[in-house]
């Protein structure tokens, strides 16, 4: 006969093995979900565009963000982190990213939204590189599952340009 300790160890090992197997299947099942998020971002107004006293350019924008991220949610999704970034190139850096807005979306019911806001975070370039600059607005998202690996993706919207003169 085996002692109580041996039996408890066998039962615990079996339970952990089954739990690991269920987690692996849950993570694997996310690969079969049909994800087709959509988004549109409009710049409604440039509130101000100025040069700060220490020489950096700063922009304040009013954005209209429309997104449908409901297809990112499966039974294994805990939450989705979404953010909008302005992306542009300068002579010193091939890619500059400035986060303008972000949100944590906890449920599928909140994943379809329309908001009109001024940028939540300051759009500042370290230098004076923003006058007349073309830039993209990109909606990034990170899907955080209950079990398994996180994944991220984005939608890039191009064709935006800042004015040539400060306002």
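Here the Cβ of each residue, glycine as well, is placed from N, Cα and C on the backbone.
Model, not experiment: these values are computed from the prediction.
In the structure as shown, the Cβ atom of residue 64 (N-linked glycosylation site) sits within 10 Å of 14 other Cβ atoms. In the three-state DSSP assignment, the secondary structure recorded for residue 64 (N-linked glycosylation site) is strand. The N-linked glycosylation site annotation in Swiss-Prot covers 64 (among others).
For 136 (among others), the entry in Swiss-Prot reads N-linked glycosylation site. DSSP assigns residue 136 (N-linked glycosylation site) to a strand in the three-state reduction.
The feature topological domain 'Cytoplasmic' is assigned by Swiss-Prot to 1-11, with similarity to another entry given as support. For the topological domain 'Cytoplasmic' (1-11), the mean pLDDT of the prediction comes to 87.
Sequence annotations record features per position, and here Swiss-Prot assigns topological domain 'Lumenal' to 33-167 based on similarity to another entry.
Remote same-chain partners of the transmembrane segment (12-32), defined as residues 6 or more beyond its termini with a Cβ less than 8 Å from a stretch Cβ, comprise 74, 76, 145-149. Annotation source Swiss-Prot lists transmembrane segment at 12-32, citing sequence analysis.
A gap of 15 Å separates the Cα atoms of residue 64 (N-linked glycosylation site) and residue 136 (N-linked glycosylation site). Counting every protein chain shown, the Cβ of residue 136 (N-linked glycosylation site) has 16 other Cβ atoms within 10 Å. Each residue in the topological domain 'Lumenal' (33-167) gets a DSSP state, and the totals come to 6 helix, 81 strand, 48 coil.
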